[in-house]
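Peer 1: Could you have a look at this structure, given as structure tokens, before my questions?
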Amino acid sequence: MTTLEEISALTRPRHPDDWTEIDSAAVDTIRVLAADAVQKVGNGHPGTAMSLAPLAYTLFQRTMRHDPSDTHWLGRDRFVLSAGHSSLTLYIQLYLGGFGLELSDIESLRTWGSKTPGHPEFRHTPGVEITTGPLGQGLASAVGMAMASRYERGLFDPDAEPGASPFDHYIYVIASDGDIEEGVTSEASSLAAVQQLGNLIVFYDRNQISIEDDTNIALCEDTAARYRAYGWHVQEVEGGENVVGIEEAIANAQAVTDRPSFIALRTVIGYPAPNLMDTGKAHGAALGDDEVAAVKKIVGFDPDKTFQVREDVLTHTRGLVARGKQAHERWQLEFDAWARREPERKALLDRLLAQKLPDGWDADLPHWEPGSKALATRAASGAVLSALGPKLPELWGGSADLAGSNNTTIKGADSFGPPSISTKEYTAHWYGRTLHFGVREHAMGAILSGIVLHGPTRAYGGTFLQFSDYMRPAVRLAALMDIDTIYVWTHDSIGLGEDGPTHQPIEHLSALRAIPRLSVVRPADANETAYAWRTILARRNGSGPVGLILTRQGVPVLDGTDAEGVARGGYVLSDAGGLQPGEEPDVILIATGSEVQLAVAAQTLLADNDILARVVSMPCLEWFEAQPYEYRDAVLPPTVSARVAVEAGVAQCWHQLVGDTGEIVSIEHYGESADHKTLFREYGFTAEAVAAAAERALDN
């Protein structure tokens with residue numbers, strides 16, 4: 001624990017020369033509002049918001065370039081509260097600064113329908129750049145924002161001197177001990193150093209207290225040394241009241257352009273709560289009426305009043321609105337001058353901000369003739385990306401060290417990064433479009449979210465479907481935010497073969513489909529893959545993330561695939577030859593991905609027994625379920641109860657479509673190490689097995 005002598009030193013104020021009494025009053029107002037808000041609702045996290053009051057005030061009122069009247073301003077600095085549990089750290093600044101929150105919003109913290117939920121939520125509260133709460137995600141996504149900022153500079157103003165472009169700005173982060181403990185921040189911080197992201201400035205609130213009290217029980221490392229080892233520019237500031245040290249550290253960080261900056265700020269959580277500061281009780285619970293009253297007495301507030309804000313304090317802090325507009329106007333002059341110099345790049349920016357695709361963008365998408373050589377859908381996806389590359393400069397992405405397997409490299413594209421990281425295989429350029437995440441799947445997921453949130457480019461990242469498990473927290477958060485991230489997940493079943501059960505996805509398709517707002521797209525062949533990419537890129541403005549599920553093994557190019565059908569999520573690929581117009585089939589075979597070919601072959605076997613089968617390709621259940629009832633009933637007539645679903649994964653998500661009388665050809669156990677043909681045969685993924693299931697469904 002921190003000694004009383006250390007607490008005294010850490011809480012000794014150091015203010016710059018232009019700091020006034022009203023600045024101190026504003027900081028104390030933040031502390032009291034945080035204590036009052038949590039006390040009123042009865043739960044929450046007051047301590048960090050209290051001890052970080054000087055830092056938050058300094059960032060929002062004295063450092064960051066932003067305009068409270070336009071929270072979407074292209075030239076703004078971004079702020080990420082990775083320590084999302086301390087949401088009041090952000091909310092109170094948004095209130096004081098005039099971003100759209102009022103005192104009543106602070107009073108309604110964590111209540112139904114309020115603008116101030118327990119953790120900050122993107123799209124919900126003006127001024128919130130990203131949903132945070134699951135620790136580590138914010139810092140990792142901020143790395144993506146910093147990468148996006150550089151890539152966008154390359155698209156729009158590549159030749160400007162550092163700091164001279166209207167597209168230059170900073171990404172500021174506040175991270176906690178918990179953020180630092182999470183593995184995703186280690187992954188992302190390592191990559192940030194590789195990328196030399198000089199526009200990223202992270203404040204680490206080193207208060208050494210968590211829910212279980214003193215973090216020494218679980219965190220003993222020299223975190224600053226760890227970040228130095230990564231290659232970050234590292235500074236240490238003693239004391240959360242040390243505004244002079246905070247501002248000096250910010251200035252130093254801004255001057256370092258070839259490395260991200262890490263500022264370890266030693267604070268005393270809950271200061272100035274006399275009995276609970278520097279304890280776990282200040283972290284995640286209301287302080288209690290007596291302790292809140294004691295805090296108010298210490299800072300000169302009336303202990304019998306709640307939510308006190310002096311009029312002169314609010315007038316002072318709301319002055320940020322005018323200052324922000326002035327900064328915006330100065331920036332606008334620079335932006336307008338750039339627009340006159342760069343009319344073509346300005347047109348590109350306008351198109352991206354309008355979320356439009358260029359005319360003819362999909363005219364050169366590859367097409368494969370039915371019956372041509374079998375092709376893995378991952379290979380088809382790679383061909384599609386290379387065709388799209390010249391038309392869509394906003395499209396960029398890569399892989400978690402599996403580019404050759406995922407086929408995620410756009411042909412001819414340089415790698416993104418400082419030239420110094422170039423290898424024999426890859427030429428890096430500051431503004432390249434091929435991303436190398438390394439074996440950092442979790443960070444990749446969070447970084448993609450940061451890129452998309454920063455806007456306005458489109459980013460994708462690839463790995464094996466099995467390793468989507470490593471990405472799941474970031475994927476869920478992207479779905480919660482309804483942002484348009486793209487995940488390319490290949491090697492999608494036991495069909496990957498010899499790598500064996502550790503790498504063969506079994507439960508993954510159903511597990512991913514369980515995430516609300518995530519679209520899981522598993523095309524049947526090369527053409528469906530092209531149609532899927534077309535649909536994914538045409539979906540914008542909060543359509544939600546998409547996981548594109550692709551095969552390792554070759555699959556035949558099928559007859560009858562349909563672009564509109566793919567966009568609708570499911571469609572009739574083939575009806576039995578003897579079926580008359582308007583006549584319903586005897587049985588419906590529903591399949592996805594590499595198993596659609598089995599349904600087509602089973603249709604022929606069933607026809608030999610005078611059973612008329614319909615084959616439905618269902619690349620995306622989520623898109624299909626969003627269609628009108630009329631369309632869904634036309635594809636899957638309710639009167640046809642004999643149904644079979646075929647997918648090389650667990651059956652869990654298919655019962656809703658096949659019903660109690662239907663059959664599911666699935667795999668409910670882990671695989672083995674063997675070639676894909678052997679595995680499909682031994683585990684019952686054959687045309688004969690599908691036909692037999694159809695006959696059972698007819699008998700049910």
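Using the three backbone atoms N, Cα and C, a Cβ is placed for every residue, glycine included.
Since we're looking at a predicted model, the values are computed, not measured.
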Peer 1: Name the one residue among Thr29, Thr48, Thr423, Thr427 that Swiss-Prot lists for the same thiamine diphosphate site as His85, Gly133, Pro134, Leu135, Gly178, Asn207, His283, Phe467.
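Peer 2: Record check against Swiss-Prot: thiamine diphosphate site with His85, Gly133, Pro134, Leu135, Gly178, Asn207, His283, Phe467, extra candidate from Thr29, Thr48, Thr423, Thr427 is Thr48.
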Peer 1: For the substrate site that Swiss-Prot gives with His283, Arg378, Ser405, His491, Asp499, Arg552, which of His45, His66 also belongs there?
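Peer 2: The candidate from His45, His66 that Swiss-Prot ties to substrate along with His283, Arg378, Ser405, His491, Asp499, Arg552 is His45.
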Peer 1: To which of Asp177, Asp179, Asp222 does Swiss-Prot also attribute binding of Mg(2+) at the site defined by Asn207, Ile209?
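Peer 2: Within the candidate list, Swiss-Prot flags Asp177.
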Peer 1: What number of additional C-beta atoms lies within 10 angstroms of the C-beta atom of Arg552 (substrate binding site)?
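Peer 2: Excluding its own Cβ, Arg552 (substrate binding site) sees 23 Cβ atoms within 10 Å.
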Peer 1: Given a 10 Å Cβ-Cβ cut-off, pick out the one of the recorded positions His45, His283, Arg378 that has the most other Cβ atoms nearby.
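Peer 2: Buried the deepest by this measure is His45.
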Peer 1: Let me make sure I understand the structure: which of the binding-site residues listed (Leu135, Ile209) has the fewest other Cβ atoms within 10 A of its Cβ?
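Peer 2: Comparing Cβ neighbours within 10 Å for the binding-site residues Leu135, Ile209, Leu135 has the fewest.
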Peer 1: If we count other C-beta atoms within 10 Å, could you say which of the recorded positions Asp177, Glu441, Asp499 has the fewest?
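Peer 2: Checked Asp177, Glu441, Asp499; of these recorded positions, fewest Cβ neighbours within 10 Å: Asp499.
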Peer 1: Among the binding-site residues Thr48, Asn207, Ser405, which residue has the largest number of other Cβ atoms within 10 Å of its own Cβ?
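Peer 2: It comes out as Thr48.
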Peer 1: Are there any residues at least 6 positions away along the chain from Phe467 (thiamine diphosphate binding site) with a Cβ closer than 8 Å to its Cβ? List them or say none.
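Peer 2: In sequence order, the residues whose Cβ lies under 8 Å from that of Phe467 (thiamine diphosphate binding site) (at least 6 apart) are Ala400, Glu441.
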